Each structure stands twice: as structure tokens, then as C-alpha cells.
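These notes are about the structure you will find just below.
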Amino acid sequence: MVNYKVTLHTDDRVAAGTLNHVYIKLVGTQGESERKWLMGLKGAKAFKKGAVSSFTVSAPTSLGQLVLVEVDKKAFVGFLEDSWFLSMVEVKSPYGDTFTFPVHRWISDSNVHRFREAAALRVLDDKHHLGRYSREQELKVREEAYRWHVYTEGLPHCIKAEDLTSLPCEVQFSFTKSTEFAFTAASGLLELKLKGLDNCKKGWTNIHDIDQVFCCKQTDIADYVQKHWKEDSFFGIQYLNGVNPILIRRCTELPKNFPVTDSMLFPSGQMSLDAEIQKGNIFLCDYKHLDGVKTNTINGKTQYLMAPLVLLQKTADEKLMPIAIQLKQTPAEDNPIFLPTDSEYDWLLAKIFVRSADFSEHQLNTHLLRAHLLAEVYAVSLLRNVPMVHPLYKLLIPHTRYTLQINFLARNLLISENGSFTQFSASGGEGMLTILRRSLSAVTYSSLCITDDIAERGMQDVPNYFYRDDGLRLWYIIYRFVKGVIEYYYKNDQEVQQDTEIQKWISDIFEHGFLSQASTGIPQSFTTVLELVKFVTMVIATGSAQHAAVNSGQYDYGSWMPNTPISLKRPPPTKKGEANEATMLETLPDINVTVQGMATLWLLSQQSSDFVPLGVYPEEHFTEETPRKFIKIFQAQLEELSNNIIARNKKLEVPYTYLNPREVENSVAI
């Protein structure tokens, strides 16, 4: 008999162990073992949380190179099936060879689960029918588990799931994450409920009364926002380092529907707009995707959402100052262009309408669409089309953690008919879908890659743009890591072209994520190694860095409601000189809208205790030495960047922390 030492690693997460009987079969190029019940001296403790247990599996002759293990479990008679998180199976042959089978997934049923050897060569599958059969069987199972669903026409497709329990176990929250998420959601609003504010449909009568809500939960940056929200310089810097840093672009030509004149901006003739544009000192923010959308009705009151045009100027002291605001897209007598020289409340109200528009633009386009919905498309396509031993799967699977469940929750708790965004934001309901569809039609591949996006928006040399500085460094660190791993497995372009699994991965993304729109520039196939490297870099950067940049600061910048109103209940001024403090207070959202928005932003900004930072890989998917070396280099470069960001932030009045790698999660998990 030929004896093989089989070691099974049960994960150490909460409830990872099993009390069921566990069985295994070894499959090699020269035969297979009998299915064996793994029974040992440890008894029921053999597969408890964190256990590493070894057994002997025998075969009458050598099995050759091991390519597959088959694992299943059965409950004791009269007992229920439980869930078991198996991390890895290691097999040592009597000839000195060690074979590793990564699993890293929940096994919750009594079916046979097949796992392939981590370092198995792709050529092996072509030569041995057994290997090809196992790969095809795995993908067949995955295609059934990860089915596409059209949530609503005109939006990226998502995973089909009737409820949370129908999501595959391997993509569900851990016990820790589930418990903390539920607690945070409840506790955020509980404090406000105790104050009797969550159902108060009255308006604010005094700006200082908002402190009753705001003082519940403060951060250092939120405190700074409260003190400086009225200042023009702070209004400008939020376009660079706030939660929506991808809208602003250098203005090379004034839009025809924004008839700003020199006499408005420079009444003493000290400058000209054309000259400032030529110098590169003028910047534009255009909220055209919001134009004409149907707005919400909240507390029985019609809500208002503008589609502003905002002109900003870089000053000699390197500040970015707003110099003109038009609140609607079409010029008209009742659509004045507001200026810093207008009365205090004319100008302040204009900025409030812009900040409210920015809330909807940010939440729906920048955050929900570009980070969450597209990250889900990348993940579902990966899980459907790429087997576990494929290098692309190993590279990307850590960057899909929790994404499918958090998006399922978002669809059911935030943007559903009774969701908080639908109920309490100006763009909730029909308007939300209009904005999302318009935004998707405007997405381009280059806009998803920060290197291209910064150049296209003309933002390469704008001072104090820390999102750009940190984001570009992160992109290049991720790119070098991805390039090293991909080039280790793909030696030439032909190997990429012939890999049917990565071709199906990108094909599904093009079809289900970007709805087969060639105008997006999204690849429909990969023809070179470098094309694959860039796209994988974008996928990792989107789920980690970009999501962190547009998510983590939501409470910081939005908890002081006047800085980011989620809705407004009066129309904007149609003429100048009539606004006052009472007008402003009547325009701001009602008390219950304010507190519901604040509680939601609190929830979306909280870090779980099982947070996994970018570049940390608790589950070892790669077994070869070269990819492991690249991971170590990746981690070292991320740590160096983190230290540099911390050192820089010590010198800043408002630190920019959102792209510090220590604070960036590996995936869209909140």
C-alpha cells in the first residue's frame, strides 16, 4: 500500500468548525484512492475552529501527481448539517512531494466538493481528461450558484439572490461582521430615537439646534467642517479631498450654457476670464446628470434638486475658490449666476444647493455605481468563470470579500422602495434610477483608471490634491504587484489570448456590467499581457482604494448637515437680494430627514473589527514562491506609502487619511 499523509486546516473564524463526519478522496494522474472517513484520536475536536489535523489515506499503488481532492461531510444520524470553513488540504506523498489544495470556503451541505492542486499546470488539464473534467464541473457548479440578475433595466447586472441565505456561503459575512453590522445600524439611529428626533417632521428654526444631532457622534474632521463650512476656500478644497474628488476638471472653454462674463467676475478689470483659462487657473464642476430628474416628496413636501454649474479659480496663494454658480443648466432671467460679491445668504444658499447636488452625484455615480455596482460585476464574473486554481482567481478573490452581501443589503435597505435613500433623499425613487442610467452611459474605461482620469481632467499639477497624490502612488504600487504576478504565469500575449477563462471573465463584464456599450472603451477581450495587467489593476484599485476614497469620509463631511444636505425643501432663489437666514433654514431638510441621513452615513463609515487592509492576505491562495515574493514586496511598498502619508498629514490642517493603505480595505465590504 502507498500511504499519503493528509492534513486538513479548519479556519479559526467564529463558528468555522464542524461536528459532522468528514470524508476525502485523493485523485491523481495515475489513479484515485477510495473515499475515506477521516476518523482519528481527536474525535469531534479534529475539525473544531482553528484545528489542524492529519490522517493517513492509503492507495494500492501510486496515484502519480495529485491533481484533485474530493471532500464531503455527513451529519450524525438524527443531527443537522452544520457549516464548516475549510481553509486548506495538504497531502504529503511517500516520495517526498507535497501537494497543496486551497479551499478557503464554507462547506454547508453533504455534496462532494472538488478542489484542485494549487500549482497544477494548465497543460496538465489539456493532457488529462480528469483535470479538464474537474475544471468544467467546478465552473458548472459556480455558474449555477452565481447567476446574473437584472435588478432594473439600464443598470449593471447583479447576483441573483432571493434573500441573504440564498447567497453562497463563501461570500456571506462572517459571524463577527454580521453581528457588528446589525449593531451599528441599530445603535446609530437609537441615539437619535432616544432624542425623539427620528420621526420629527418639523423644520429647523435655528442653526444651533442642529448641534443636538451633530454632537451625538463627532469626528475631528466633522468638527472642522462645522466650523468652516461657510468658507469659500473650504467649499473649494472639498472638490479635491472630500468624498467626491473625481468631478472637478480644468476648464479649457467656458460652456455655452454658462454665460459668465468678465464684468461679473472682475468688475475692476484686473483680470480676464479668457486669460485665466489660458493660464490653467479656472476649473469647472458640471452636475448635468441631475438635470430635470424627478424629485422626491418627503413628509408631504416636494423636494428640490438642482443641476448646477460651478466655476472655481486657483488663486495666487494656491487656494481653489468658487467664483460663479448657476443652479440650473439652462440660462434664464430666473436662473441668476450667483457670485461671491452677492449678499451673504444669496451666496451661501447657492453653495448649499451645490452641496446638496453633490450629495446625489456622489452617492449615485461616484460611490454606488462606480465602486459598488461595478465591483459586484467584476466579482460575479470571476466567481462564475474562473476556477479556484487559476492565478486570476487567486489574485482577485481577496478583493471580492463581502462585496456581494453588502450590495445585496444596499439594494434592500438603501435603494429599495422602503430604503432610507429612497425615502429621505431628494433624488430617491425614480430620479435615482434616471441618474444611475445617465451616469452609466457616461462611464469610460479611462475614467475608472486614476492615471488616465487625472490626465483627462487636467488635474496633474493642481496643488493640495491629496486624493490624486495618494491615489496615483497606490495605483502604481498595485500595478507593479499585478504585473509581477501576471507575467509570472503568462509569458507572452498568445497565452493570454488562448486563455478561455479570462476571456470569458472580461466578456461577461463587458456584457453584464457595461451592457455591451463599446463607447465605454471597456475591453471585450484581452489580446496582450499588459492589457490584462491594467484591467486587473483597475479592478483591485476600484474595490480597495477608490472605494475607500469615496466612502470613508462620508460621515466626516456629511454629518454636519448644512455642508451636505441630502435633500432641500424649497426652490432656489430666482432673484438676488431676497434670501436671509430664515430662507436658508426653511430650505434645509426637516429634522427627521437630517437624522436619518446622519445615521445612514454613520453606518456606511464604520470599520468592522474583521477589517482586512489592502495587501493583507489571511488566506494563502498562492503556493509558488515567486508570487509570494511579490506579495511581500507589495506589502512593504504599501507600508512605506502609509508612513509617508502619516508624516505628511502631521503638517496639514485637515489631514487626508482615506488612502492611507492601513485604512483602505481590501474590498468593497461596507
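The backbone N, Cα and C atoms fix where each Cβ goes, and this holds for glycine too.
Small disclaimer: the values here were computed from a predicted structure and weren't measured.
For 2-121, the entry in TrEMBL reads domain 'PLAT'. Annotation source TrEMBL lists Ca(2+) binding site at Gly17, Asp82. Residues or ranges marked as site 'Essential for stabilizing binding to COTL1' by TrEMBL: Trp106. TrEMBL lists 120-670 with the feature domain 'Lipoxygenase'. Per TrEMBL, the feature Fe cation binding site maps to His367, His372, His547, Ile670.
Here the features listed in TrEMBL are placed on the structure.
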{"residue": "Gly17", "record": "Ca(2+) binding site", "contacts (Cβ under 8 Å, 6+ apart)": "Thr10, Phe47, Lys48, Lys49, Gly50, Ala51, Trp84"}
{"residue": "Asp82", "record": "Ca(2+) binding site", "contacts (Cβ under 8 Å, 6+ apart)": "Thr18, Leu19, Asn20, Ala75, Ser108"}
{"residue": "Trp106", "record": "site 'Essential for stabilizing binding to COTL1'", "contacts (Cβ under 8 Å, 6+ apart)": "Ser83, Trp84, Phe85, Cys169, Glu170, Gln172"}
{"residue": "His367", "record": "Fe cation binding site", "contacts (Cβ under 8 Å, 6+ apart)": "Val243, His547, Val550, Asn551"}
{"residue": "His372", "record": "Fe cation binding site", "contacts (Cβ under 8 Å, 6+ apart)": "Thr403, Ile406, Asn407, Ala410, His547, Val668"}
{"residue": "Ile670", "record": "Fe cation binding site", "contacts (Cβ under 8 Å, 6+ apart)": "Tyr402, Ile406, Asn551, Leu604, Ser605, Gln606, Gln607, Ser608"}
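Averaged across the domain 'Lipoxygenase' (120-670), pLDDT for the predicted model comes to 93. Residue counts for the domain 'PLAT' (2-121) under DSSP (helix as H, G, I; strand as E, B; rest coil) come to 5 helix, 61 strand, 54 coil. The Cβ neighbour count for His547 (Fe cation binding site), using a 10 Å radius over every protein chain in view, is 24. For the recorded Fe cation site, residues His367, His372, His547, Ile670 set the reference point as the centre of their Cβ atoms, and the other residues of that chain within 8 Å of it by Cβ are Leu368, Ala371, Ala375, Ile406, Val550, Asn551, Leu604, Val668.
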